[in-house]
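First up is the structure itself, then whatever we jot down about it.
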Amino acid sequence: MFITLEGIEGSGKTTQIKPLVDCLGQNGYEAVVTREPGATVIGKKIRAILLDPGNSGMSDLCELFLYGADRAQHLSEVIIPALGAGKTVVCDRFTDATTVYQGAARGISKELIDIIHSVVVKDLCPDLTILFDLDPETGLARTVKALTDGERTLDESRFERETLEFHERVRQGYLALAAAEQDRFLVVDARGTQEQVFTEIVSGINRRLGIDLVGIDSAMIDPRVKG
């Protein structure tokens, strides 16, 4: 089972990963938690380049191909072996992030992005993609608070420094994908409390994947809100 989590900056998706994995584990699903970019040794170096605000002059194509390189290594080293071993993979961002950040927001053609996906990812597709929908104003306010509280670091804040219009294009890009692939996407309202969002996630997984996760415990929730 392959589950991906997507959303704008500050949508709270990262906060939900640990309780989700704990819930899966309690129900007999051995889960591997991973993320993009930066899930491998090579990927961590690519992540540092991509998210460094000092790299504001990075070209859109450079950004696109760096994400593709990170994903190629990630698939080879983490995702494909885990799925092959029968494990559940829970991934914080995947191909949809490229489609909306580099496509809808940056303006790179869908044709080029699709070509890169076909080379790097081939026919692998998540069983379920959970989209944490949130307005950019609220999301960016959360990220500012996280930076102030030391829960995020300034050396990974390049995307947080983009304009509000950029983040709105990201949000609308995600919603367009969800509308086009309703069988794959589960859209959750990220404005709710962490407990409300978690409950919505688990009930959605049960409904969409035909499984029965039980034993939901609000104590699983990390009190911090991240993107």
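Quick reminder: no glycine exception, Cβ is built from N, Cα and C everywhere.
Taken from Swiss-Prot, the feature ATP binding site covers G7, I8, E9, G10, S11, G12, K13, T14.
Here the binding-site residues are G7, I8, G10, T14, and the one with the most other Cβ atoms within 10 Å of its Cβ is I8. Every protein chain considered, the tally of other Cβ atoms within 10 Å of the Cβ of G12 (ATP binding site) stands at 25.
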